[in-house]
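The block underneath contains the structure these notes are about, expressed in structure tokens.
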Amino acid sequence: MQYSEIMIRYGELSTKGKNRMRFINKLRNNISDVLSIYSQVKVTADRDRAHAYLNGADYTAVAESLKQVFGIQNFSPVYKVEKSVEVLKSSVQEIMRDIYKEGMTFKISSKRSDHNFELDSRELNQTLGGAVFEAIPNVQVQMKSPDINLQVEIREEAAYLSYETIRGAGGLPVGTSGKGMLMLSGGIDSPVAGYLALKRGVDIEAVHFASPPYTSPGALKKAQDLTRKLTKFGGNIQFIEVPFTEIQEEIKAKAPEAYLMTLTRRFMMRITDRIREVRNGLVIINGESLGQVASQTLESMKAINAVTNTPIIRPVVTMDKLEIIDIAQEIDTFDISIQPFEDCCTIFAPDRPKTNPKIKNAEQYEARMDVEGLVERAVAGIMITEITPQAEKDEVDDLIDNLL
């Protein structure tokens, strides 16, 4: 027998009252986006559950993709069969012969949405249980926590059988908590921060600062590949490339070395906030982890934050590096993050960055520059690319493959 569909049960959105259908519709769209790489699969959703109709697609691959989608509590692969007692009996026997191992217990759990079916739920449990005994005479029934719970659902159009329940990612459907701008470098921390924001329903757009010729096409492709890894949790992501060369050269020419990182981060924050405003975002998200580097002390965070009143979410701020690496490996971003391409935060990094920068000093050094003009030109020069779960291999991929 071949699975015909996957029955999907919702997570936390079940508590959302009047907004329930908005959450469900968003989850349906997210599932459709993530499963778009399987052209045969069709997704529907109603108030109680969603369904992914396989239409011949490989169940194992689709299930692996579904495990990543936030807002799903669990799901079950389902067999669709003819709605007749004899077909149900033979189907139940076939399934049990395939999955039963010596000593296992079972029960039948039936429900009907088609109340015109010839047997009610209790009668169906008894009839199908009897069919199992015919196929496996020594099998034991156990009503509480059996090894196999064979679920039977009689609907208007057909009957559906399932026995396996697979845990989903939980969380909230991406996009139900508003939009945030993720400051995405090529490092380990910021993709993890993006993942954790996605889990709480934030629709992220990735803002990446590029400083050619100091940063290479490989560094840009690396950031896009990290973004692509995040699409499997909620669908397509807008990747915003910011030209940052002029600003970094200006900072290096007009500010003391100890303040290079502080001023760089202040400009990044200003630009990200300006993009957020234009694109209707609510928050800025970054991968800062307290004390991990010089720009991530509390004093540095205060000096950098001073350029905006927008809330800054730091999902990994209290984690140590090993905790962050564990998550990066789990979400499959770690190997990309450690590729040897420098980002714009490292190319002009001073030997002795200031760990307790003063806001008044930062403002004094910025007074030597045309801050507003620099920000405006950077924002005017952004390039936006929609990153999808699947992308064709290009020349930069080939170059990277040759280098690694």
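Quick reminder: no glycine exception, Cβ is built from N, Cα and C everywhere.
Within Gly170, Gly171, Gly281, Gly287, the residue that Swiss-Prot lists together with Met183, Leu184, His208, Phe209, Arg265, Gln296 for binding ATP is Gly287. The Cβ of Gly287 (ATP binding site) lies under 8 Å from the Cβ of Met183, Ser185, Gly187, Ile188, Asp189, Ser190, Pro191, Val192, Ala193, Gly194, Arg314, Pro315, Val316, each on the same chain and at least six residues away in sequence. Mean pLDDT for the domain 'THUMP' (60-165) in this predicted model: 95. When DSSP labels each residue, the domain 'THUMP' (60-165) comes out as 37 helix, 31 strand, 38 coil, counted as helix, strand and coil in that order. All protein chains included, Arg265 (ATP binding site) registers 24 other Cβ atoms within 10 Å of its own Cβ. The sparsest Cβ neighbourhood within 10 Å, among the listed binding-site residues (Met183, Leu184, His208, Gln296), is found at Gln296.
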